[in-house]
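Trainee: Below you'll find the structure I mean.
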Amino acid sequence: MKILVINCGSSSVKYQLIDMSNEEVLAHGLVERIGIQGSILTQKVEGRDKYIIETPMENHKFAIKLVLDALVDEKNGVIKSMDEINAVGHRVVHGGEKYSQSVIIDENVMKELEACVKLAPLHNPPNIVGINACKALMPNVPMVAVFDTAFHQTMPEKAYMYAIPYEMYEKHGVRKYGFHGTSHRYVSSEVAKTMGKDLKDLKIITCHLGNGGSLAAIKNGECIDTSMGFTPLDGVVMGTRSGSIDPAVVLYMATDLGYSVDEINSILNKKSGVLGLSGISSDFRDLQDGLEKGNERATLALEVFRYSVKKQIGAYIAAMNGVDVIVFTAGLGENSVPNRKAILNGLEYLGIELDEERNDTYGVTKKISKDSSKVDVYVVPTNEELVIARDTLGLIK
Ligand code: ADP
């Protein structure tokens, strides 16, 4: 059984073909710059040179056709014919309140996805375009949608409601949804497995820290709170996103400072976070370099970022009346020794003791707390594609 996992962005397609008999990734790739100059497909297969196709790609359908061609390519491909693809799993950002689990895509689901566009105007449209392109190219292959929001649907009302007029929720769906759900679900279940414990017996805080970042409080296997909100702009400080700020700042920017809605949107999503604070980079590695060279703004950016994550951990310990294990995942979470150390520094009062030697680790599942620590701390690499493939397999069986 082979499953193709597709993650469509506005001008990109990420893909993986996974053999579910052993969960081996047969090929993975990225198509970039769809619809703009310089379109390029890069496919990687373990043990082989990269396969690169540079050709104009007008739209996603064309790009996905090239992905299928690359997968069946006689010299560079990994399957003989498209018939070997048994199903396609699509990453979909927003499933609204409708979807708390992955679902087989049919006409009704497509309608619901369209209805969610107003909640995720940047993200859901390319996901829908990708699904339609795959349906046109593989009309008889079952497709599954896996939602970033689904895992967080177990949050209680008190966690997801905003204290604004109730009709904003009732009429317009304004509430906390949360994102990165596939990743939080995966690493929480992985850490339970690694610890040899039942997920249902654990209080877990998962810290997904990449370019975008979010934390989740997971009690007895269910998400009870998460740091991203109505959109992925909320929560902890990120690479280019502000995270939580006083909403009145937005009003001030619009009224007193005269910025347009588009400008404010771009400032908060693309020019803020550690990029905005440092003026140097959104990449945490560059900021660490800056900090080590004594750059004040890089240092400030990292301090603000780390403080925001630390406070969120504290909040979730309060929300769950304790924590058994904290998990770090995604680009920074899996790889940044100094950031993990700084985030956890000063939490000894709460029973969190990092082991510095164990913390010197990159991208592998590992316990990084001391044995004497009341709270375990782990690094667990995320694998959203594998979750999408597993969900897809589970649904089509
Ligand atoms: P995305 O949110 O785009 O999926 P990733 O999870 O791939 O992001 O994480 C990418 C980010 O992780 C980079 O922007 C970088 O800042 C950070 N990162 C990766 N490796 C390290 C490292 N060794 N130290 C600090 N940050 C890192």
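Here the Cβ of each residue, glycine as well, is placed from N, Cα and C on the backbone.
Not my notes, these are from TrEMBL:
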- Asp148: active site, proton donor/acceptor (ACT_SITE)
- Asn7, Glu384: Mg(2+) binding site (BINDING)
- Lys14, His208, Leu209, Gly210, Asn211, Gly212, Asp283, Phe284, Arg285, Gly331, Leu332, Gly333, Glu334, Asn335: ATP binding site (BINDING)
- Arg91: substrate binding site (BINDING)
- His180: site 'Transition state stabilizer' (SITE)
- Arg241: site 'Transition state stabilizer' (SITE)
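Describe the structural context of each listed feature in the structure shown, including burial, neighbouring residues and relevant distances.
Mentor: Residue environment of Asp148 (active site, proton donor/acceptor) contains 26 other Cβ atoms, counted within 10 Å of its Cβ in all protein chains.
Counting every protein chain shown, the number of other Cβ atoms lying within 10 Å of the Cβ of Glu384 (Mg(2+) binding site) is 23.
Cβ neighbour count for Asp283 (ATP binding site) (all protein chains, 10 Å cutoff from its Cβ): 15.
Arg91 (substrate binding site) falls within a strand segment according to DSSP. The number of other Cβ atoms within 10 Å of the Cβ belonging to Arg91 (substrate binding site), over all protein chains shown, comes to 22.
In the three-state DSSP assignment, the secondary structure recorded for His180 (site 'Transition state stabilizer') is coil.
There are 26 other Cβ atoms within 10 Å of the Cβ belonging to Arg241 (site 'Transition state stabilizer').
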Trainee: Between C-alpha atoms, which of these binding-site residues comes nearest to Arg91 (substrate binding site): Asn7, Lys14, Leu209, Glu334, Glu384?
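Mentor: Result: the closest of the binding-site residues to Arg91 (substrate binding site) is Asn7.
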Trainee: Give me the long-range Cβ neighbours of Leu209 (ATP binding site): same chain, 6+ apart, Cβ under 8 Å, in sequence order.
Mentor: Val236, Val309, Phe328, Thr329, Ala330, Gly331, Leu332, Gly333, Ser336, Asn339
Trainee: Could you round the CA separation between Glu384 (Mg(2+) binding site) and Lys14 (ATP binding site) to a whole angstrom and send it over?
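Mentor: Given the Cα positions, Glu384 (Mg(2+) binding site) is 12 Å from Lys14 (ATP binding site).
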Trainee: Give me the count of other Cβ atoms within 10 A of the Cβ belonging to Lys14 (ATP binding site).
Mentor: 18
Trainee: Ligand 1: which of the binding-site residues Lys14, Arg91, Asn211, Asp283, Arg285 have a Cβ closer than 6 angstroms to it?
Mentor: Asn211, Asp283, Arg285
Trainee: Rank aside, I only need the closest one: which of the recorded positions Asn7, Asp148, His180, Arg241 has its C-alpha nearest to that of Asn211 (ATP binding site)?
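Mentor: Result: the closest of the recorded positions to Asn211 (ATP binding site) is Arg241.
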Trainee: Could you check the recorded positions His180, Arg285, Leu332 and say which one's CB has the most other CB atoms within 10 Å?
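Mentor: Per the Cβ count, the most surrounded site is His180.
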